[in-house]
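All remarks here apply to the structure that follows.
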Amino acid sequence: MSAPLTKPAPLPEELAAPERTGRRGSALVQRLVVVRELGIVAALVLLVVATVVANPRFLSGQNVRDLLLSAAILTVLAAGQTMVIITRNVDLSVGSVLGLSAYASGTLMVVTPGTPVVVVVLAGMAVGAVCGLLNGAIVAVAGVPSLVVTLGTLYAFRGLDSLWASSADRLQINAADLPGGFKALGTARLLGVPVLFLVAVVVVLVVGYYLRTFRSGRELYGIGSAPEAARLSGIPVGRRVLTAFVVNGALAGLAGVLYAARFQTLDTTAGTGQELFVVAAAVVGGVAIFGGSGSVYGAALGALLLTTIGTALPQLGLDPFWRDAAVGGLILAAIALDRALQLRLAARLRGRNARRDR
Amino acid sequence: MTVETPPAPAPAAAAPARRGPTLPSGSVITTFLVLFLVVAAFSVEGFASTRNAGFLLLDVVVIALIALPLTLVVVTGEIDLSVASTVGLCSAVMGQLWVAGLPLEAIVPLVLVLGGVLGAVNGFLVTRLGLPSLAVTIGTLALYRGLAFVVLGDQAVADFPRAWTTWAISSIGSTGIPTVVVPLLVLVAVTAVVLHATPIGRSLYAMGNSEDAARFSGIDVARTKLWLFVVTGVVSALGGVYWTLRYGSARADNATGLELQVIAAILLGGVSIFGGSGGLLGVIAGALLLASVRNALQLVNVPSDVLNIVTGVLLITAVVAPQVAARVKGRRRRAPA
């Protein structure tokens, strides 16, 4: 720090300065976020190009559609998780919520075969929202760290799923049990694009718009940056965090319905272990694990990249066993990159302030 | 409650510590464990048999083992989610080396070194690059598990020498207590002494409470944490060796998801996820409580998947209950004023 030890009385110009620096600083941050997201796009393009060179059929219609279908579920989960992580929380229970919601919506269709698809979707989201409400209530009201709470509900929701399945004596729901209208959803296309993927795109756009534009959306960032400062400045921290958990739960519920539509075979293991891929997608997409920064678009790109790696590796002649290792390496690279960018940004802002002070 | 005159500000700050005799950390969960064991012994048929006790302890060995160094890590305010993947990778490497014809006497030290290297990678990324351990170890969780599959694929290596595999599940005489409990107890004792009776242990709590304050008081935070991650890696590798021998099978997916059970035991034992508080007694009690509740419910034919509810509810209760208790106490204290 090159700041002088004895500071002269602030001149009017200097008093106004911090605001100006703030605005210029935030423009810098904004540019960095764009650069960060372009980085993922570049990685994605590079991966796709390399794979296409190795195997031109990689970009065949069916292959791309399969890829988008797989990415859709992870993207919806990542969108919800981003909201939670931005508030400096985490929801590890989403895999179990997905499983519970998938099983619930499957059961609904088996028990009452005539249920319209819209009702099934809403029911799945409602199941998820209730799970999210429980998570959020414990976190916000009891003031217990979300990592612990959602680790607990990861087990509890999964156990509930198993309990339900074993007591209803319906351990597996097969494609034959599901109505045709619902199964069509899994394969339906609009202008050649799978409908499930379009659902994910809509979710990302809505969440992205909310986080960027709405006051309460901006407050989520404030809470994640400095929870205590957010509370002191009058943000209803508990209510906002609760909302983030409920929305995330509802989206995990939606992901459960998408899962049911895509795979059409449901047992109580659906979504097991997904929580790690979801958090990984967000982290790769530049969402800071300790809150306060990142965007849902980045997380969605992260989800797309992780899914693409899974499908591209075999095409590149690599053993599919390399997938998890590649995902792990990518996470480490992403957080190391974020750290480097953050340090550079801090140095730049400091340099700018120091120059101004002189 | 009887003191009505407000004490001077300075003593007031110290008051909570002097309010009655403070129980050692983890005593609540230990009491709970003892109560549960007594109730289960009388009400669950077959629970108190030597055979069952043996099974229960065998199940808890690896969890308790890895919980030892991980408790220290959590006390410093960090976390390591990659422990179960380290178990898997070490198991896979052990299998591959055995296939390659090395004797187990050479394989075991090599695998332990590997564990140390894996831990050092975590420690390096956390302490030298300053990355958050939660994110780093989610990354290495995927990386190490992935490498385990790269090493061994979906095969299993199962032809380990009988002498080793039978030792792994043998018990002391006719007591039903597994032989491995003895070395485990030694490690528990060593860890307990380090954590609760040495300057190193005190420094871990100091780091967990305030890293800056710890650094300013002369503790080499980065170095200590780096070594903690290394030790966690070595102990996880040891867990991998034992796991492989116990089930007589080296597989890449060995111990998948075990990290959550270990962390559940630690948190149930009263260690704060933010670091700076908790003790080893509680952690061991937590691991035993989780295992015995599951064991007892299995004996009364509750399906094992459903038992997850119990694990989850126990974990949440363990963290919510003290919060609620503190709030109720706080309200009662404020009420007469």
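Quick reminder: no glycine exception, Cβ is built from N, Cα and C everywhere.
The transmembrane segment annotation in TrEMBL covers A:38-55 (among others).
Long-range contacts of the transmembrane segment (A:67-86) within its own chain (CB-CB distance under 8 A, at least 6 residues past either end) are made by residues 94, 98, 146, 186, 193-194, 196-197, 199-200, 203-204, 207, 211, 220-221, 223-224, 244-245, 247-252, 254-255, 258-259, 262, 274, 277-279, 281-282, 285, 287-289, 291-296, 299-300, 302-304, 306-308, 310-311. Taken from TrEMBL, the feature transmembrane segment applies to A:67-86 (among others).
Annotation source TrEMBL lists transmembrane segment at A:106-130 (among others).
Per TrEMBL, transmembrane segment is recorded for A:137-157 (among others).
According to TrEMBL, the feature transmembrane segment maps to A:191-211 (among others). Outside the transmembrane segment (A:191-211), and at least 6 residues removed from its termini, the chain residues within Cβ reach (under 8 Å) are 61, 65, 68-69, 71-73, 75-76, 79-80, 82-83, 86, 185, 217-218, 220-221, 247, 251, 254, 258, 261-262, 295-297, 300.
Among residues of the same chain six or more beyond the transmembrane segment (A:241-261), those with a C-beta under 8 A of the stretch's C-beta atoms are 72-73, 76-77, 79-81, 83-84, 86-87, 89, 91, 94, 97-106, 120-121, 124-133, 135-137, 139-140, 146, 178, 182-183, 185-186, 196, 199-200, 203, 207, 216, 220, 223, 270-271. The transmembrane segment annotation in TrEMBL covers A:241-261 (among others).
If one looks beyond the transmembrane segment (A:273-291) by at least 6 residues along the same chain, the residues whose Cβ comes under 8 Å of a Cβ in the stretch are 33, 36-37, 40, 74-75, 77-78, 81-82, 85-95, 98, 154, 223-225, 297-303, 305-306, 327, 330-331, 334-335, 338. Feature annotation from TrEMBL assigns transmembrane segment to A:273-291 (among others).
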